[in-house]
Amino acid sequence: MAMSETQLKNALDTLKTTGVRITPQRHAILEYLIETMTHPTADDIYKALESKFPNMSVATVYNNLRVFREAGLVKELTYGDNASRFDFITSKHYHVICSSCGKIVDFHYPGLDEVEHVAAQVTNFEINSHRMEIYGTCPECQAKSEEVKTAL
Ligand SMILES: [Zn+2]
Ligand SMILES: [Zn+2]
């Protein structure tokens, strides 16, 4: 709890220094992103907060997320046709993704910086970042498929 409060405070400080006005909606969206850790879509955030902000639209949520992204606070993760998911940037981490339900879970692992160095050397690209994702079946989906098997 104290950890997420510090994260929220730091995020608000970052917004202040970049000259972004902190509205109650922005405050609530940031707080939600820090607390959920589920990599929500703009739609998920909208649904979670619409009772608090009846005048808010999904487009407003999306615009605020773009402001946060430009301030370097959140990362937008795109997956083909699916809606973008948003990740509050804490430290470098990788993602494990459930192939059945699409859930994304963070895990920490030392950054694979050598990959970037090798890529730069081999291709002469100027490398900015890399993305690595691990796929599998989450515990909940494993339990579900076990239930199906025992029912048969
Ligand atoms: Zn799953
Ligand atoms: Zn993440």
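Even glycines carry a Cβ here, placed using N, Cα and C.
Per TrEMBL, the feature Zn(2+) binding site maps to CYS98, CYS101, CYS138, CYS141. Cβ neighbour count for CYS101 (Zn(2+) binding site) (all protein chains, 10 Å cutoff from its Cβ): 11.
Within 10 Å of the C-beta of HIS130 (Fe cation binding site) we count 11 further C-beta atoms, all protein chains included. The Fe cation binding site annotation in TrEMBL covers HIS130.
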Problem set entry | Where CYS98 (Zn(2+) binding site) falls in three-state DSSP terms | strand
Problem set entry | For CYS138 (Zn(2+) binding site): intrachain residues, at least 6 apart, with Cβ closer than 8 Å | CYS98, SER100, CYS101, LYS103, VAL105
Seminar exercise, completed: CYS98 (Zn(2+) binding site), Cβ-centred 10 Å count of other Cβ atoms over all protein chains shown, is 17
Exercise. What's the CA to CA span in angstrom from CYS141 (Zn(2+) binding site) over to HIS130 (Fe cation binding site)?
Worked result: 28
